[in-house]
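Trainee: Sharing a structure below in structure tokens format, with a few things to ask.
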Amino acid sequence: MSEKTIKANRKWHTIFFVFLIAVMTFASITITDFNIFHGIATLPKAIAWIFSNMWISQETWERLPTILEKLLETVLVSIAATTTGTVVAFFLSLMGSKTTGRSTIWGAFARFVASVSRNIPVVAWALILLLSFGQNSMTGYLALFVGSVGFLTRAFIESIDEASQSAVEALRATGATYFQIVFKAVVPQCLPQLISWILFMIETNIRSATLVGILTGTGIGYTFDLYYKTLNYNAVALVTFSIILAVIVIELMSNYIRKVII
Amino acid sequence: MEASTYIKRGASGRIAIKMGSRPERIMKWTVTTLVILTVIAFLLFDYTGLDLTTAIPETLDNLKTMFLEPALSHFTWGQAFYQLGVTLGLAFLSTILGGIIAFFLALLAAANLSKSWISKTVRIMVAFIRAVPTVLWVLIFAIAAGLGSEAAILGMLFHSIAYLVKAFSEAFEEVNQGIIEALRATGANWWHIVIHAVLPSTFTYLLSWTFLRFEINFSMAVAMGAAAGAGGIGFELFMASGFYFDLREVGMITYMVLIFAIILEVFSTKMKDRYFPAAK
């Protein structure tokens, strides 16, 4: 192919690509009934509204202890879901990884479990579990747990595959048993990566926990929903700011840990 | 990671020995803290109205009904696909608009292309936006814009922008500084540099990140339908489970979402393998 045809091809690709995006955008606007001008027009209005209504007033501060208690509950649920999810995900990823997996059937099983639990949205899990677990922290915890297992398994498999090939071979040559290989070669090598993924999962889970909380009536999400529905926007602002603060603090902490260990 | 021994003398002249390097100690601390917090979490959980002996078999039973006997009863297949289309449309619009806006903001946020105070301001703003969960943005916009596609798209847009600005600006910062300097030396202006040096060398990254965000936005759009009533398949899911208690329908909707999400994931993995095989 001469340079000219490549260039012409690329031009056609670009035109096709832009056209495709334009068509899809138009289709999306039609199907969702999204009025782009109205959307743009509401944006300043929305921001003006946020600035004029979302102030934390004096009497809202009295609600702070309740809000903080719920926030703590949400943070703890996220952490618990992540750590317990890690344990399950670790074993699944040992099965699913190419270097440590022993049978293809179990490997495929692990990948399948991970894929299904990850791709069903956390919201769907929350709604499914809500039916029999009722409104309590357990429902939120389990919904986050299932999602964490799915995500962490995928991430762990990648980390294990990447890190441990030569060390595993070396240990296998000495006649080490399977669990000796896992705990002396695989774990020490991947640990920084694994911890980094765990921290990332905690951050993600805190955000999803708010969403799950709205649906399952637990934690900070429920508090938000309650004030939101009773039009107590000052309290809504306080809840939002406390969530922002918690997320930023956890993000900074995990960034620090990640910087040191990797 | 290197192991080293710290030798420090205490007040009494004794040698205090600490084994292990700083990373190792930090890792140990992190793991211990997480385990302790988990235990505390389980102790503090609010178990009101929970009876595990009935809840677990019931859930398994529910899951069986859902996944083995899926069926639609409150709406037709046509409507189901239409609703899935609405969800996709929400995800698509917020991704494409977010991608375009994020591109320009990321140019401002990249330290090598912008002034340091502009870059810092944009970064702080973006970090703030990202810290608020999407559903809260949607609900806040819903008060001002009225519940519906506009609130959902604006809310998801905010988050997409915040996420993509971070990803894009990191990609921009990895652009070879030499190229930029060479162009600058020829007298190229800022837009020339962006169009001829930055964009070509990062385009595939931008595409992959945008697609990854589309994947996230799809599941977000399902969630917005359920939690914020923004319509689409998520809203049907919420109705089926919360109002009709129709497990078969929940199963069917879950399958539809699942299949679609897996298609997106396979596509995005393919794209990742093709465009950044050497990532990390």
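The backbone N, Cα and C atoms fix where each Cβ goes, glycine too.
Annotations in TrEMBL come from automatic prediction, not curation.
Pulled from TrEMBL, these are the listed features:
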DOMAIN    A:71-254  domain 'ABC transmembrane type-1'
TRANSMEM  A:12-31  transmembrane segment
TRANSMEM  A:37-56  transmembrane segment
TRANSMEM  A:76-96  transmembrane segment
TRANSMEM  A:108-131  transmembrane segment
TRANSMEM  A:138-157  transmembrane segment
TRANSMEM  A:177-202  transmembrane segment
TRANSMEM  A:209-228  transmembrane segment
TRANSMEM  A:234-253  transmembrane segment
Trainee: Can you work out which residues elsewhere in the same chain, 6+ from the ends of the transmembrane segment (A:76-96), have a Cβ less than 8 Å from its Cβ atoms?
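Mentor: Answer is 102, 106-107, 109-111, 113-114, 137, 140-142, 144-145, 148-149, 152-153, 156-157, 160, 182, 186, 194, 198, 201-202, 205-206, 208-209, 218-219.
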Trainee: Could you check whether the transmembrane segment (A:234-253) and the transmembrane segment (A:108-131) come into contact, where contact means at least 3 Cβ pairs under 8 Å with the two residues of each pair 6 or more apart in sequence?
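Mentor: Contact between the transmembrane segment (A:108-131) and the transmembrane segment (A:234-253): absent, because fewer than 3 Cβ pairs are under 8 Å.
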Trainee: What same-chain residues lie close to the transmembrane segment (A:37-56): Cβ under 8 Å, and 6 or more beyond its ends?
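Mentor: Distal contacts: 233-234, 236-238, 240-241.
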Trainee: Which bits of the chain, at least 6 residues beyond where the transmembrane segment (A:177-202) starts or stops, bring a Cβ under 8 A of a Cβ in it?
Mentor: 78-79, 82-83, 85-86, 90, 94, 99-100, 102, 148, 151-152, 155-156, 159-160, 162-164, 167-168, 170-171, 250, 254, 257-258, 261-262
